[in-house]
Amino acid sequence: MADTLEFNEIYQEVKGSMNDGRLRLSRQGVIFKNSKTGKVDNIQASELAEGVWRRVALGHGLKLLTKNGHVYKYDGFRESEFDKLSDFFKAHYCLELAEKDLCVKGWNWGTVRFGGQLLSFDIGEQPVFEIPLSNVSQCTTGKNEVTLEFHQNDDAEVSLMEVRFYVPPTQEDGVDPVEAFAQNVLSKADVIQATGDAICIFRELQCLTPRGRYDIRIYPTFLHLHGKTFDYKIPYTTVLRLFLLPHKDQRQMFFVISLDPPIKQGQTRYHFLILLFSKDEDISLTLNMNEEEVEKRFEGRLTKNMSGSLYEMVSRVMKALVNRKITVPGNFQGHSGAQCITCSYKASSGLLYPLERGFIYVHKPPVHIRFDEISFVNFARGTTTTRSFDFEIETKQGTQYTFSSIEREEYGKLFDFVNAKKLNIKNRGLKEGMKQSYDEYADSDEDQHDAYLERMKEEGKIREENANDSSDGSGEETDSSFNPGEEDDDVAEEFDSNASASSSSGDGDSDREDKKPAKKAKIVKDRKPRKKQPESKKGKDPNAPKRPMSAYMLWLNASREKIKSDHPGISITDLSKKAGELWKAMSKDKKEEWDRKAEDARRDYEKAMKEYSVGSKADSHRGERSKKKKKKQEKQVKGKGDKKGATSKSSSSKSPAKGMSDSFKSKEFVSSDESSSAESKKEDSEDEGAASPAPSSEDSASGSD
């Protein structure tokens, strides 16, 4: 027989609501995990007193009774699973799984039995219905009548709110059956009565949800929030989790209490109670109990007189009374060093805390997402700007949470955290990343994480090489991106148009305009050496030998994998910091070994550079000779074209009729062919290495002809 039995899609009845989850039976006991809240109920095998199998609305159900009176109900079993469960109970728990059917006669009179936390209404030996007394919120009596009121169930569309029992009078003297019935109910009911004095009181605490200032009175079984408008009584049994979270400003603290079921204010439900404290606020606290009672009840977790920060006192008292651990942020640190990330959820801005087993967002509205309910996460581009990104989480139930406006600098830290927790990342683009199983995803995620680190290492090496190549200064970098040759050509064209325009304006203006282009021509001549700079500066040759690494870089490449294995999940920046610390603490003898390796690499580099420079010089000589030959051929062709143009211009100037009509054309009517010929003349003069003198009025007139 197997040592464990597991059942999925099992429903647990808790306070009138059916919560689905997973049930596992083992030698040690029974464990049920709620899929919605993540709460785990653990029943030890030694505590089981009785097991009952019966037919219910959702198929078949299992009712377990413990020796201390607690009752647990699980529904959703198939009829065929009875034999398997019965054999398991006999073998491991030494219990007979009894079959009991409910009475369906429809009678409304019978016998009431109180067993543990259950009120059972029986007809004969068969139960008709059972009421968990923890669901009772109030019990009132009348003449021969007892009325039970129940807590409202928010998860159900229709809730049972009241049941009335008629109790017939008896002939026994001194015993009132109505009062006896009511006392049995009240002894087990979840009725909050502020009887006696509070253990301690915290005055005027700032509460974010529900908003306001509240006095918190601590009672043995419940928490009383007293404000100006509303009062809340919170039983400790409804507290699911406690969180203590530092604010990003490092001056305040959030204390978060997760509640199930939530507290109510009208139609509003508060699943989280969030208190905000200042770290500088201190308090001296005295419990309203004697020292023996404190020691007996809290077993050293609290003392009668305590003092310290206000948030520490509140969290310490709550931890002792609720008997639950306080969850604090894990090892995550953001770009600014804080343990949270500033982001927006829905319409409000808040803080997202990556925890060891989930995410929590505070404060409006508060959201807690466990890792085991996450289907996948997604890193999305910001909708409004590229300086931020969105972090999306989708649960296995299909609910999607989008945390937007996260600073771009937080991406690396958050990505490494998600990788370390082995969460499925949707937008990886790989099939391994789309696996839905949380456990099966672990192996592929480790591989992806290593590939990401390798890619970042390669990018870091490229940046280092670029930084070494650009060591001449920032001035050359700006010159390399700036192309002065094109700008000089534009300036030259502008000078030509100015020269032609000045010639048509008259003799008096031509003298002044002739001087100005001459001065500007000198500027072009001054810029001429700058034109040669980008030509002389060559791009990086891929065949050139690579620069040698320093001793530190050689050591880092050899030790990077060891550092990663010693610190799993470490980010790129933290790895660099850790490597710097290790190198600084290294002894001189070990450093000398890497210095020798760096020196050998430098010698090899110098030798390779000598061989490379000899070959590159020979190639450059051949290239210069071919360039000179091409330039010479181009000049010869251009010289022949200029002679033909000069003869045609002289013949046109001899005809007076044409000269009179064309001499008065403005520069807007100059044809494109003529302007292009002027540009070619200018380029020829620049290629010869000297600036051309300003054209005279006669030349400009002949050009317009």
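Cβ coordinates come from backbone N, Cα and C, glycine included.
Keep in mind that this is a model prediction, so the values were computed, not measured.
Listed features, source TrEMBL:
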| type | residues | note |
| --- | --- | --- |
| COMPBIAS | 474-496 | compositional bias 'Acidic residues' |
| COMPBIAS | 517-531 | compositional bias 'Basic residues' |
| COMPBIAS | 532-544 | compositional bias 'Basic and acidic residues' |
| COMPBIAS | 624-633 | compositional bias 'Basic residues' |
| COMPBIAS | 634-645 | compositional bias 'Basic and acidic residues' |
| DOMAIN | 545-613 | domain 'HMG box' |
| REGION | 459-551 | region 'Disordered' |
| REGION | 609-705 | region 'Disordered' |
Fill in the blank from the handout: Taking DSSP H, G, I as helix and E, B as strand, the compositional bias 'Basic residues' (624-633) contains 10 helix, 0 strand, 0 coil
Completion exercise
DSSP assigns the residues of the domain 'HMG box' (545-613) as 56 helix, 0 strand, 13 coil
Handout entry: Whole-number mean of pLDDT values that fall within the domain 'HMG box' (545-613)
Key = 86
